[in-house]
Structures are given as structure tokens and as C-alpha cells.
Number of protein chains: 2
Amino acid sequence: MKLNRQDCIVLDAQDQLAAYREKFSLPESEIYLDGNSLGAMPAHLPARMQQAIAGEWGQGLIRSWNDAGWIDLPQRVAAKVARLIGADADEVMVGDSTSVNLFKALASALRLNQGRKVILTERGNFPTDLYIAQGIAELFDAEIRYVDSDEAAVLAALDEDVAVLMLTHVNYRSGRIYDMKKITALAHAAGALCIWDLAHSAGAVHVDLNAAKADMAVGCGYKYLNGGPGAPAFVFVANRHIEDVRQPLSGWHGHARPFEFVQRYQPAAGISRMQCGTPPLLSMLALDAALDVFDGLDMPQLRAKSQALGDLFIRLVDEKLADFSFGIASPRDKELRGSHVALTHAQGYAIVQALIARGITGDFRMPDILRFGFAPLYVRFVDIYDTVEAIAEIMKNQEWNQDKFLTRKAVT
Amino acid sequence: MKLNRQDCIVLDAQDQLAAYREKFSLPESEIYLDGNSLGAMPAHLPARMQQAIAGEWGQGLIRSWNDAGWIDLPQRVAAKVARLIGADADEVMVGDSTSVNLFKALASALRLNQGRKVILTERGNFPTDLYIAQGIAELFDAEIRYVDSDEAAVLAALDEDVAVLMLTHVNYRSGRIYDMKKITALAHAAGALCIWDLAHSAGAVHVDLNAAKADMAVGCGYKYLNGGPGAPAFVFVANRHIEDVRQPLSGWHGHARPFEFVQRYQPAAGISRMQCGTPPLLSMLALDAALDVFDGLDMPQLRAKSQALGDLFIRLVDEKLADFSFGIASPRDKELRGSHVALTHAQGYAIVQALIARGITGDFRMPDILRFGFAPLYVRFVDIYDTVEAIAEIMKNQEWNQDKFLTRKAVT
């Protein structure tokens with residue numbers, strides 16, 4: 001039996017997380033399926049940031065480092081992130097970008113695993129992960145071994161030369177999830193350390209870094225964590241490693257006694273040593289406030305809704321788009337799939353633009369991927385229905401085939 | 001003849017920059033002399049940020065990368081900074097912290113000047129500059145040569161081993177200014193490159209990087225540029241070097257074609273290669289707006305006011321504090337002094353706290369420095385008068401000698 005729109009409205013009425021949508025401020029009548037690129041704005045953010053800007057900065061001035069607790073803000077935000085990724089509060093630090101944090105983690109891992117010189121990764125990893133690894137390889141005279149984005153290929157390439165295995169937990173294109181626990185165990189058995197990029201995991205997919213015995217991880221603040229554009233990223237280092245970690249971005253905020261102004265760098269005890277310079281506080285205050293949406297949220301329930309949204313999308317694509325040469329680039333098995341679904345189509349770019357013109361926002365990834373992110377906190381079942389209906393109409397009417405949709409923009 | 005308070009009111013009435021104070025939102029009746037630590041908030045920031053947060057993020061969502069021009073924001077902010085430091089717009093990039101940018105610059109300089117292995121600096125440099133140099137030295141098997149904070153000591157240490165001379169233009173404690181042009185020329189004659197830290201210069205002191213033939217520079221967005229707490233920093237690379245620069249934080253925003261998602265890092269043409277990950281946009285939008293205060297401002301006039309404020313402070317300290325064992329740690333010659341004046345006193349910490357309790361904010365630097373910053377855009381001559389009067393009263397009454405002023409806070 002085919003699903004109709006009313007069935008989806010019923011699913012929304014039964015959804016125990018439906019009320020979370022009210023915690024976000026979304027444009028009227030927009031269907032936003034790009035929360036995996038930039039999370040939506042929590043509704044309380046403008047008022048909170050007004051207070052932070054006009055109050056803490058404007059009136060509190062330099063005193064706010066003490067009086068508003070800016071000095072401990074990275075630790076407080078980190079504790080909120082830690083809960084979402086199966087880490088202890090003192091294993092996570094927030095600040096800098098994902099790229100910069102990956103640089104710290106990779107350098108630390110190569111120093112911990114001296115004598116080995118190979119960084120193992122997949123060539124389909126997110127580009128900045130590859131680029132940072134290339135920068136690190138040049139500095140440490142290391143080698144990068146690239147394999148296909150496939151568990152068997154990764155495991156086959158683990159040998160006694162591999163110092164560190166660097167993988168992204170949920171692939172940014174396909175949405176495929178690696179089995180973190182299994183792969184980490186096999187990497188450890190081969191004598192390698194594991195760094196996981198959680199950019200497309202944190203806040204939407206079940207992550208338990210400590211159950212998986214992960215060594216290090218990094219992740220993004222502006223996707224499913226909804227921290228705002230360019231929100232600070234996070235870095236995780238397992239407690240068993242932290243006192244041996246030496247990361248080369250040895251700025252004053254990672255010093256044992258930053259305000260004693262001594263001449264010699266001495267890393268702070270614990271995870272604070274992963275800090276570098278003064279963090280971008282306005283951006284971090286936004287992330288801090290955004291994470292409050294997750295207070296008391298049941299993460300398995302969130303994951304179940306994300307899976308149900310993805311399953312519904314795939315089912316409707318099968319039902320409604322069979323005539324239009326779409327491929328499904330994501331796993332059909334919900335256990336192997338993150339919180340987005342990727343379609344493929346030769347006219348993918350123009351189809352995404354035609355959807356945007358109809359108020360439905362997904363995104364496009366080269367060369368032919370249409371990516372639809374299902375942020376379970378604010379995407380409704382009926383949104384999925386309306387999106388697939390809209391794609392079907394766009395295809396039937398050749399609505400995508402207009403100059404304005406075919407011309408590329410700077411950021412796609 | 002001694003100056004009185006009315007004389008200072010007259011000086012303010014004659015000040016052609018007096019109207020700029022209205023562009024800032026300062027607490028009622030506060031005298032804020034810590035703009036060299038955290039600049040005051042430009043009055044238009046709350047409204048601008050409200051629009052950026054609720055409008056560009058909340059309503060524009062991912063589209064704002066194109067529609068609100070987020071993708072070019074670092075370049076636009078950099079062009080505003082470039083004008084203030086004697087650089088061309090395409091020689092400056094904004095993003096990351098000062099520490100991270102210094103890391104990029106030092107690594108680049110060591111790669112440009114291969115065969116030489118010494119980083120020459122002063123042991124009295126700002127700590128994070130030293131710490132970052134230590135991190136770089138370990139990575140590049142380089143050596144740091146520390147000398148006294150003194151032009152003659154620096155010049156005497158320049159020899160054929162020095163790859164790069166790293167100095168802070170205005171010393172964070174004493175406020176002493178190095179002769180950038182002279183020192184850079186002598187460093188070049190010795191075959192070294194020069195990196196200048198402009199943290200306490202940009203926005204208050206005359207800087208002309210290209211007239212001095214500086215090679216690279218870094219600087220801070222949250223001091224005299226008033227970009228907000230932890231505002232992104234900037235990095236300058238002279239045009240003659242940029243195509244040869246390879247910085248190791250090779251993130252995707254520094255790639256030649258970041259949205260083509262190719263596997264191999266290729267640095268962008270020009271200064272964009274100094275970018276790394278996604279910048280903290282909310283913090284950068286605040287800096288962008290804050291820099292508009294400098295539109296059309298005559299920088300020599302700004303510098304002249306800064307010097308006049310410092311001269312007045314020193315004159316009043318001489319007149320009113322002679323009995324209280326203060327030292328003056330800053331140059332008396334205004335041409336050798338930045339935009340703050342440092343006093344020394346054994347009870348410096350408590351005196352600063354007693355001043356804060358009276359609504360006068362300066363700051364304390366270990367072990368005995370009382371630091372008073374004279375941000376010429378919003379500090380008045382009468383503020384200087386009232387501050388020195390207050391110090392005199394605090395000393396006469398032993399007002400500083402209370403437990404609440406003697407106990408140290410986390411951030412001083």
C-alpha cells in the first residue's frame with residue numbers, strides 16, 4: 001500500500017519529538033533539509049546573543065572573563081558535547097575549526113605511535129581531512145595510504161606500518177556509517193591508533209566513543225549541533241592518552257598556567273592542552289546556547305526518528321521517482337546509514353536549484369549527488385512527503401531545465 | 001603650572017575625534033582603560049548582529065553563504081584591516097586566532113629560508129608568541145634564540161644562522177615600540193625574514209608594513225579593532241612571498257578550488273592560502289561591523305590623540321603620585337610608546353582592583369605592572385585626569401589594602 005500525505009501527518013502527530021521543532025526558528029513554509037550542512041537556528045539564540053553582546057561584552061567588558069565565566073566556557077561547552085558522543089566531560093575540548101583540531105589530533109597520534117609512518121584513510125573522506133593529513137604528512141615525513149570507502153578495503157590495509165587510521169564515521173556523501181567499535185578494535189590489534197571525524201554524526205547518530213575505545217575524534221559545531229555558521233569544533237582525546245599527548249599548536253590557552261606568563265610552554269594537565277589561542281567567544285556562546293536544546297533529550301529516540309525519516313524518504317523515492325533515473329547512493333539499511341540520504345542524478349545540480357526555488361532546501365555535492373539531511377529535531381514526516389512529491393513534479397515538468405537553475409553559484 | 005580637571009575638559013572640547021566616543025556603547029560612568037585587552041563595543045553591533053543571527057542564519061540558512069556573501073567575508077574584513085596597517089588588500093587574511101596565524105607564518109618563514117634554523121625573538125615577547133615558536137621549533141628541528149627586549153640586543157643577535165626574526169611591534173607590558181623599518185632592513189641585510197606581531201598596534205599606532213618591507217605579520221581583532229571577545233585574528237604576507245608560501249594548516253578554505261572536492265591539496269593563488277577551516281562567522285561578522293568605525297578616519301590624527309593621552313597620563317603621574325613609589329615602565333618619549341602606559345608598584349594587583357571598584361578599569365600584568373590602555377577612539381582627556389586622581393586617593397587612604405582587593409581572580 002502506498003503512503004499518502006495524510007499518513008505522514010499522522011506520523012508527525014504520533015512523533016514524541018515533534019515538539020522540539022518549536023525550539024527552532026525556521027522560515028515560514030520552508031522545508032529545510034540541509035541541517036547536515038548548517039543547522040537551523042534555535043529560537044532562543046537571538047535573545048541569548050543579544051544579552052551576550054550588549055550585556056556581557058558591551059557592559060561587562062573585560063570583567064566578563066571572570067564574571068560571565070568566559071574563561072571556563074570551552075570546558076562547559078565541551079561537557080555538553082561529551083554527553084552526545086559517549087565521552088567523559090574531561091575528554092573533550094571545544095575551539096578552533098574541525099580542520100585545526102584534526103591537525104592537532106593527527107600530530108599527537110603520530111607522536112604517540114612513533115616508529116610508524118603511515119596515515120591510513122579513505123580517498124573518499126571529506127576533502128579537508130585529506131588536505132590536513134597531507135599537511136601533517138609533509139611535516140612528519142609520513143606517508144598517506146588511501147583506500148576505497150569500504151570496510152573490507154580499510155581492514156585489508158591495516159598493517160604494522162600504520163600509525164593512525166583516520167576515518168569519518170558517517171560519510172559526507174553517501175551517509176554510510178562505519179562500525180566504529182569493530183574497526184577500532186581491529187586497528188588496535190594491528191597496533192594503530194584511531195581518529196574518528198564525527199562531523200556528520202554528533203547530534204544525530206548514536207556515537208559512543210568510549211564503548212568503541214576510540215583514541216581521538218574531532219567534530220563540527222555547526223551541523224547537527226546547530227551552533228551557528230562556522231561554530232567552533234570539538235576534539236576528543238581518550239583519558240588514557242591525554243597526559244602523553246603533545247600537540248604542536250602550543251598556544252597560551254593550552255598552557256598549565258596561562259596567566260603567569262612564564263617563558264616556557266608547559267601543557268596544561270588534561271584535555272585543556274588541546275586549546276591554542278583565545279577562542280572566538282561570540283561564536284562559542286552561540287554554540288553553548290544551542291546545545292541546551294539537547295538537554296534531557298533521549299539520544300536513542302532521536303536516532304530512531306532520524307532512521308524513520310530516512311526510511312520514509314527512500315520508500316517514497318522508490319514509489320514516486322522510479323521513472324526518472326535517480327540512483328540511491330546511501331545504504332538502504334537504516335543501521336548502516338547516518339542522518340542524510342544521497343540520491344544521484346546527472347542533472348542533480350539543477351534539480352537541487354529547482355527545489356530551492358520551491359522552498360525546499362537540500363544540497364548538491366560534486367559530481368552528481370543530491371543530499372537531503374534529516375535533522376530529527378526539526379524535520380517532519382510530512383516534509384519528506386512534500387519533498388519527494390516536489391521532485392516528482394520537477395521531473396515531470398522538466399522544471400529543472402532552465403538557465404537560472406543550470407548556472408553554478410560560488411558555494412554549492 | 002599644574003593641570004586641573006577643567007583644563008582636561010577643555011582638551012576634550014578641542015578634540016576633533018571626540019565625536020567617535022558616541023560610536024561606542026560604554027557603561028554609564030565607567031572609565032575604560034583596558035581597550036588594549038578587549039576593545040569596547042561599537043554601538044551599532046547589537047542591531048547588526050541581531051540581523052546576522054536572526055536574519056542571515058535564522059532565515060537565510062545555508063543560502064547566506066552566497067546571498068549574504070559569507071564566502072567572501074574573510075577577504076572583505078581583511079581589506080578593512082589592510083588599510084590600517086599599510087598593507088594591500090590582497091596581502092591580508094582574517095580567521096583563526098593570533099596564535100594559529102603565527103604558527104602558519106613561522107612555518108612558512110622557515111620553509112622560505114631553508115638552511116637556516118634559528119628563530120630570533122625577545123624573551124619578553126608575549127607568552128603565546130614564545131609558546132608557538134617552541135611548538136614550531138620542535139616540528140622543524142629549529143632553535144630559538146632569546147634576547148632582551150632591546151633594539152641593540154636584537155640587532156647584535158642577528159647572524160647568518162637566523163632564519164626569522166619574530167618581534168612584537170608594541171610590547172604588551174612596557175608599550176615600547178620597535179623601529180619596524182630599521183630593524184626589518186637590518187634583518188634583511190643579515191639574510192633573515194621578519195614577522196611582526198601587531199596585537200597592540202593595529203588600530204591605535206601607525207603601522208606601515210609595506211613601507212617597512214615587512215615579510216609577514218599577525219595581529220589581533222579584539223583589542224584596538226574592537227571586534228568582540230576572541231574576534232578572529234589576521235595574518236599578513238607580503239605579495240613578493242605569497243606564491244612561495246606553504247603553510248602546513250592546509251584546510252579546505254585555503255584550497256585553490258574548495259568546492260570541487262578534489263583529493264589533493266593545492267594552495268589557492270594568493271593570500272587565500274592562509275585560510276584553513278570554516279571561519280567562526282558570527283565572530284567574524286562582529287569584527288566586520290566593528291571595523292566600519294574606522295571608515296574615513298585619519299590614522300595620523302588618531303595616533304596623535306593616543307600620544308597626547310599618554311603624555312597627559314605621565315605628566316599627571318609625575319605631578320600627583322610622586323609620593324607613592326610608582327615606577328613608569330613605559331617610554332616617556334611618545335614616539336617610542338604605543339597606546340598604553342605601564343606603571344609598576346609592589347601592590348599593583350590590589351591597586352588595580354581598587355580602581356575597578358571605583359569604576360575605572362585598567363589591568364594588571366605579572367609581577368607588578370599596572371597597565372592603562374588609551375584607546376583614542378573613546379578615551380577622554382578628563383578620564384585620564386580622573387584616573388590619576390583616583391589612584392592618588394587610593395594610595396592616600398590605603399584603599400587598596402583590603403582582602404577583597406588582595407585576592408587573585410582567575411583572569412587578571
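Placement of Cβ uses the backbone N, Cα and C atoms for every residue, glycine included.
According to TrEMBL:
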BINDING   A:T98, A:S99, A:F126, A:P127, A:T128, A:D129, A:T168, A:D197, A:H200, A:Y222, A:W252, A:T278  pyridoxal 5'-phosphate binding site
MOD_RES   A:K223  N6-(pyridoxal phosphate)lysine
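Sequence features, as recorded in TrEMBL, placed on the structure.
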| residue | record | Cβ within 10 Å |
| --- | --- | --- |
| A:T98 | pyridoxal 5'-phosphate binding site | 29 |
| A:F126 | pyridoxal 5'-phosphate binding site | 21 |
| A:T128 | pyridoxal 5'-phosphate binding site | 26 |
| A:T168 | pyridoxal 5'-phosphate binding site | 26 |
| A:H200 | pyridoxal 5'-phosphate binding site | 27 |
| A:K223 | N6-(pyridoxal phosphate)lysine | 28 |
| A:W252 | pyridoxal 5'-phosphate binding site | 24 |
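Among the record's pyridoxal 5'-phosphate binders, A:T98, A:S99, A:F126, A:P127, A:T128, A:D129, A:T168, A:D197, A:H200, A:Y222, A:W252, A:T278, no two C-alpha atoms are more than 30 Å apart, and one pair sits at exactly that spread. The two recorded residues, A:W252 (pyridoxal 5'-phosphate binding site) and the residue listed as 'N6-(pyridoxal phosphate)lysine', have Cα atoms 29 Å apart. With respect to A:K223 (N6-(pyridoxal phosphate)lysine), the closest of these binding-site residues in Cα terms is A:T98, chosen from A:T98, A:F126, A:T128. Listed recorded positions (A:T168, A:H200, A:K223) with a CB under 8 Å from any chain B CB: none. Annotation note: A:T168 (pyridoxal 5'-phosphate binding site) sits in a strand segment as assigned by DSSP. A:K223 (N6-(pyridoxal phosphate)lysine) falls outside any helix or strand according to DSSP and counts as coil.
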